[in-house]
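Read through the structure below, which is laid out as structure tokens, and then see the notes.
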Amino acid sequence: MLQTLHDYFWWERLWLPVNLTWADLEDRDGRVYAKASDLYITLPLALLFLIIRYFFELYVATPLAALLNVKEKTRLRAPPNPTLEHFYMTSGKQPKQADVELLSRQSGLSGRQVERWFRRRRNQDRPSLLKKFREASWRFTFYLIAFIAGTAVIVDKPWFYDLRKVWEGYPIQSIIPSQYWYYMIELSFYWSLLFSIASDVKRKDFKEQIIHHVATIILISFSWFANYVRAGTLIMALHDSSDYLLESAKMFNYAGWKNTCNNIFIVFAIVFIITRLVILPFWILHCTLVYPLELYPAFFGYYFFNFMMGVLQLLHIFWAYLILRMAHKFITGKVVEDERSDREETESSEGEEAAAGGGAKNRPLANGHPILNNNHRKND
């Protein structure tokens, strides 16, 4: 049965145009073609990425955070309380008013004390500012290097300037070492993101992030073994062109450099809109939807690839909506911050705020820093 499933999955009619077989993509005459077995290396490489990330965050990102004066807000810990802890772990982190009244009677605390305990307990579970900074630093470093390397891989190729050449001779298109390593490294990195997503900072778009990582892994993998490599390199470079800007904006936001953060964010928003909502759908998707049909009849692989591209495009539209919301806040005089962030709650008691080192007393906090409006910002 397993052999039958294997044979059906790798049936040429699913993944290749009519009258072509996998034998046509076997290495010959010094020409090397993409093969599914090439992708096996990406799993150990993903584990290597996790190891490199650990040491990068420890020996590069942490000193950089200190250099940029990334400071933690002192958090008041919730005192031990078995009754409230049991409710927090089993019933929810946001008790309703009726729950607060019941817990007040069970614990012998006032309703206000119960609410304060849950605020502190939720804050304990939120990631620290240093953790956020280190994570953003790692992603910034990778995306910047990947964008530079990816651009170097494609900038001298004829299909970079004429998209019809993406399909010239398809699928009998040999690959070169730079394409191989670009693919393996990108795919390995996204595997590492998927492996670490449970321990990384969780944002409001957590489910969308999982969908994005899975869709990206499927797209990169399929485009490799079906030899959509030329289109794949264009798509990966296009995606990397804006991601490093977002991560750098986050880094400066966590460091409290609001002017720098806002300026980089505006650049990111422009690049994101142009690349994800203009170039990708009207050039790249047009290239993958229209041009192949001029060469051969549509087949399953054609539909599958473009369906997954459609999934990514829907995510781009969703994220563009969040970006435009943040841009609107910036234009209307509110500090830009990541709409996906899980914001830390503040204590309502003045005495507690003072005990926490209330230099930011009576001022709202975002990411552990007092929010600075456009009329009073930290100088860059």
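These residue numbers are counts, starting from 1, taken along the chain as shown.
Placed from the backbone N, Cα and C atoms, the Cβ positions cover glycine too.
Tertiary neighbourhood of the topological domain 'Lumenal' (1-40): same-chain residues 170-175, 180, 183-184, 187, 221-222, 224-227, 229, 295-297, 299-301, selected by CB-CB distance under 8 Å and a gap of 6+ residues from either end. As annotated by Swiss-Prot, topological domain 'Lumenal' applies to 1-40.
As annotated by Swiss-Prot, domain 'TLC' applies to 131-332.
Per Swiss-Prot, the feature topological domain 'Cytoplasmic' maps to 325-380.
The phosphoserine annotation in Swiss-Prot covers Ser341 (among others), and the record cites similarity to another entry as its basis.
Residues annotated as compositional bias 'Acidic residues' in Swiss-Prot: 344-353.
Marked as phosphothreonine by Swiss-Prot: Thr346.
Positions annotated as phosphoserine by Swiss-Prot: Ser348 (among others).
Among the features that Swiss-Prot reports, phosphoserine is placed at Ser349 (among others), with the record citing similarity to another entry.
The average pLDDT computed for the topological domain 'Lumenal' (1-40) is 87. In terms of DSSP helix, strand and coil, the topological domain 'Lumenal' (1-40) has 21 helix, 2 strand, 17 coil.
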